[in-house]
């Protein structure tokens, strides 16, 4: 009823109130619904954890997971281990070496684990002394121009900036480097010295591996002496037990649903179907090939100009950066392995780490078929290391094959000689080994465990984002060569790229996974700064981008400094790449001078280094009198070293300095980024 003012008034008692009101019923329904979803979500998560063997670890962990996984000390203590082997790896070799050391620890009563410093709280090193007879070993690669690998960067900076008391920490360091580079093993040497400065005890002297020679031999020799030092330091003896213990166990995944099976993705399942920015090493961008054309005019060699379409990807690059290309192995080689081992390549499987505490649950994305693993994830074309020879012994049914493998796996002078000649000199890969030792029939899942991961290939970007913001250009020589056994070995990435030819717009364009790797190879901040570029062959690639960028600035009306390019190839009419472009840049004034050396167009070989020696005045005028920048790109083994020697000589003579002063001058140029090298061996 309503009163005279229109306000509703509740009547006293009209009927009897029900035991359960509508509000009570609604509240009850809400509670039941929440409980239902909570229960089934938990059940789904539980089910998901039970199926963990069929998934790989996500690329990013929650903060809770990161906290629980970051304490390697807790893992050591909870599992009764005393050995931890950290790795700083860019290509997987250091990680492989770390695994081999951790595995061998069992022979010396030191149960070990492998750890990625990026996933660990390295400040916990101060607590290593709490573990009896503990040892930390570091397998550390030096990358680029004396830089730490990506996963060791935080640890390196922690050592540089911190002053932790590491007294009681026992350690040893093995470095992976390349003597053709100036900063040979610089990071490993620094870590070795810095740990000692912070109070740690060096159990064994640092080992320096040279990838330009035989890094496997360097590692094995160092490792043998390491264990001698470990036995002496801790007063322990080798157990003598040397068994090939599997790190991963085979899981049959024949019942796994097709949508849960990896088909070549690097990290995340279905990542190529659902592309999401940002794109990086674990999440590459599936780029269309927009252009693929031949640069050589004649001859039996091939050099490709390739353009990757990045329109709509949100990817950005700077002139001088690198692009990483994820290749895949040829179906011919993959099928050959299946034939040799009489294996079903389409069987679905997973490899699960037997060490439950390891953060690395699988050696590559699982589950997948053997065909997928051999095509996208495993390196089947490089020379296998000696530990693979050792693991293959048990699969040889012919005594002669068995003895050959035993010899190559040994560290005797005869064994090293045989390995060097039969594997390295003759350039045999795993397919060749299985062909030439027909009684060797390893289990395919074990072979998949042993083979290293197939690595992406890096190329200098040969374009400027100012001119080509929607595409990335590379310049790549097709790699094909005949081995001493008359087999034709083919470059994995370049032979794949050679097949990716764009079609007309009506058909799907060929694609390949890529991501951008940042570089320190940069133009001077000021466009007026004069520069000298030295890049024979495909060393021209980044300088094409440099010239494009300066040309863009010139067309905008900005002042640009002198640009001098030294380029060389075999024959002018055969492999003078980008000739018309370069001549046009000379004609419009962007390229001040173009010095050319065609090594085989005359009786006597002529290289860019000869031209540099002839133009000492010009060199000194730019790098000495005008404080210009000098860039070198190409072969590190000979060309880059020769250029460095010539520059030092020019500085001595034209700058009127002693050899020591000239060396210091060039060193200062490098520190100031006025002398930069982008080289490979």
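Cβ coordinates come from backbone N, Cα and C, glycine included.
The feature transmembrane segment is assigned by TrEMBL to 20-39.
Across the domain 'Flavodoxin-like' (83-227), DSSP classifies residues as 65 helix, 35 strand, 45 coil. Positions annotated as domain 'Flavodoxin-like' by TrEMBL: 83-227.
What TrEMBL records for 89-94, 141-144, 176-185, 211 is FMN binding site. A C-beta separation below 8 Å, combined with a sequence spacing of at least six in one chain, links residue 92 (FMN binding site) to 452, 453, 455.
The domain 'FAD-binding FR-type' annotation in TrEMBL covers 282-524. In the predicted structure, the domain 'FAD-binding FR-type' (282-524) carries a mean pLDDT of 96.
Per TrEMBL, the feature NADP(+) binding site maps to 301, 538, 599, 600, 605, 606, 607, 608, 609, 642. All protein chains considered, the CB of residue 605 (NADP(+) binding site) has 12 other CB atoms within 10 Å.
The C-beta environment of residue 491 (FAD binding site), restricted to residues of the same chain at least 6 apart in sequence and closer than 8 Å, consists of 478, 479, 480. Positions annotated as FAD binding site by TrEMBL: 457, 458, 459, 460, 475, 476, 477, 481, 491, 492, 493, 494, 680.
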Cβ-Cβ neighbours of residue 141 (FMN binding site) (radius 10 Å): 30
Residue 181 (FMN binding site) and residue 459 (FAD binding site), distance between Cα atoms, whole Å: 18
Span of 457, 458, 459, 460, 475, 476, 477, 481, 491, 492, 493, 494, 680 around FAD - largest C-alpha separation, Å: 23
Distance from residue 680 (FAD binding site) back to residue 178 (FMN binding site), taken between C-alpha atoms, in Å: 10
Least buried by Cβ count (within 10 Å) of the binding-site residues 477, 493: 477
Spatial separation of residue 181 (FMN binding site) from residue 493 (FAD binding site) - C-alpha basis, Å: 24
Cα-nearest neighbour of residue 301 (NADP(+) binding site) within the listed binding-site residues, 144, 475, 477, 680: 477
